[in-house]
Amino acid sequence: MGQVVSERSVGSNGGSGPGVNGHGDATIRSYAPATGELLGEVPNTSADEVRAAVARARRAQEAWGALPVEERCQRVLRFRDAIVDRSDEIVDLLSRECGKPRHEALLHEVLVAADMATYFASTAPRALEPREIKLHLFKHRRSFVHYVPRGVVGVISPWNFPFQLALRDVLAAVVAGNAAVLKPSEVTPLIALKQKEIWDGAGMPEDLFQVVTGLGPTGAALIDSGIQLLVFTGSVGTGRRVAAACGERLIPCVMELGGKAPLIACADADVERTAQAIVFGGFANAGQVCLSVERVYAHREIHDRLLERTIEITKGLHVGDPSRAFVDVGAVVFPPQIDVAERHIKDAVEKGASVKTGGKRAPGPGQFFEPTILAGCDHGMTVMTEEIFGPIVPFMQVATEEEAIRLANESHLGLNAYVFSEDTDHARRIAERLQAGGVLVNDVLMNGACPDAPFGGIKQSGFGRVMGEDGLRQMCDVKHINADRVNLGARDPLWFPYTEASYGWFKRGLRALYSSGGLLRRIGELF
Ligand code: NAD
């Protein structure tokens with residue numbers, strides 16, 4: 001197999017120092033980013049073991065896919081109940097392995113996952129029901145669309161929301177009748193193994209959901225193991241290699257990649273709400289969110305007041321080890337992200353930006369970075385154009401909304417965008433002009449937790465959609481079944497033989513059907 005290997009996984013991810021998730025030949029070690037404590041060691045699954053896991057999953061899928069969808073949904077709800085029952089231990093592990101504040105572990109991971117399970121289970125029976133489509137021309141026949149499980153769905157997930165992002169795709173896959181094999185991030189493997197433990201403990205079919213821990217090559221092996229669909233969530237760089245590997249094997253894939261969400265603060269925006277939103281949208285999960293507010297375009301009429309209030313709120317945030325106290329901002333999960341943050345700040349300051357608060361690593365044994373506000377930024381600085389994925393919010397003043405819209409769209413990424421204005425209709429019109437898979441008016445981040453709506457990016461933020469009915473259907477092959485409504489006898493007039501007479505007849509038919517008289521429409525109205 002032409003294995004594609006993540007440079008990061010085999011290059012810089014191993015190592016020493018507090019919170020670094022290192023790896024040996026056969027195992028991966030997981031460290032707590034807030035303390036540097038060694039939390040556990042898990043297998044670095046080989047290609048042969050991945051193939052065996054996929055083969056077991058395929059066998060389990062045969063029985064599962066044959067169950068009525070309602071039965072599958074009931075059983076997924078039992079798994080959901082087990083998650084809710086065991087929420088304390090999940091929150092403990094999330095705050096240790098990711099350094100996440102306990103509120104965020106509970107709300108943004110456990111609650112969101114439970115809610116997604118509930119949504120998928122209540123929506124799948126209707127969304128995946130076979131449906132008849134009315135044919136506009138072939139009135140003598142009936143067509144039905146069926147949503148058929150694909151088989152085994154591979155899920156490759158990142159470290160920033162290791163609980164809910166993985167379950168988002170695994171649960172959509174299984175309610176749709178598939179098996180799922182998850183390759184979690186090597187940075188947070190213990191969370192994935194906890195999911196598997198809860199799955200098995202809830203009496204779910206053991207082989208239907210499997211976890212293969214490992215580095216990039218384990219993910220590459222999953223793509224090469226005979227899966228029918230891959231749902232990948234991660235960086236643009238890895239996504240490019242993963243999509244190429246899927247293309248090579250003609251495996252359909254969904255790509256959920258990076259973001260560079262702009263926030264446009266219109267002249268009439270509510271300063272207090274906008275400032276609070278910027279702080280929450282920029283620093284929740286220490287800025288390690290694909291939907292994070294990554295650049296602010298503030299109208300000059302509001303810029304100074306908004307900047308000042310945002311700095312004030314940011315200075316009041318509590319940063320620290322979430323296992324010791326109720327903090328607002330936890331650790332930076334993946335150590336190289338601290339270097340990325342420092343590089344962005346250095347570049348911005350050298351080009352004229354100023355650090356209004358934060359700007360450096362926070363003291364302590366763990367991996368912390370001070371929530372940072374930069375002012376005076378522009379598109380000549382990397383902080384405004386490349387994904388930060390850390391606790392930095394750069395501000396740029398704009399003279400007009402048109403300028404803000406132009407700059408917001410001037411990006412190779414297009415996952416989310418935000419517009420703040422007292423005039424919601426006006427903000428919605430701006431939203432329609434922004435190049436992004438999702439745009440929120442007067443809110444931030446919430447669409448990542450809204451399973452009812454399709455979620456995903458445009459441009460290099462990816463393709464395909466997860467969540468919503470579109471996301472559920474994407475887990476299925478679409479089959480068109482067409483059957484006769486009336487018996488036309490042995491010979492169909494559209495079949496052989498071709499004669500001069502039948503040619504003339506069809507030519508008159510062409511004119512009658514498609515010229516402006518609209519016979520076609522009248523035929524349509526008859527049935
Ligand atoms: P990453 O791309 O480094 O890794 C993602 C996953 O891919 C990991 O499990 C990794 O082991 C695996 N992988 C690495 N090389 C591989 C290969 N060659 N073949 C198959 N799998 C391979 O991403 P990350 O650092 O874990 O996550 C951060 C990124 O994820 C950010 O860019 C963020 O914006 C993005 N993200 C996107 C969304 C979304 O929904 N769009 C959500 C969360 C995070």
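From the backbone N, Cα and C atoms, a Cβ is placed for every residue, glycine too.
Quick look at what TrEMBL annotates:
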type     : residues : note
REGION   : 1-28     : region 'Disordered'
COMPBIAS : 12-22    : compositional bias 'Gly residues'
DOMAIN   : 26-481   : domain 'Aldehyde dehydrogenase'
ACT_SITE : Glu256   : active site
ACT_SITE : Cys290   : active site
Inset, instruction - Between the Cα atoms of Glu256 (active site) and Cys290 (active site), find the distance and write it as a whole number of Å. - result: 9
Inset, instruction - Check the domain 'Aldehyde dehydrogenase' (26-481) for me and report the mean pLDDT. - result: 97
Inset, instruction - Give me the non-local Cβ neighbours of Cys290 (active site): same chain, 6+ apart in sequence, Cβ-Cβ under 8 Å, ordered along the sequence. - result: Asn160, Glu256, Leu257, Gly258, Gly259, Leu415, Asn416, Gly448, Ser461
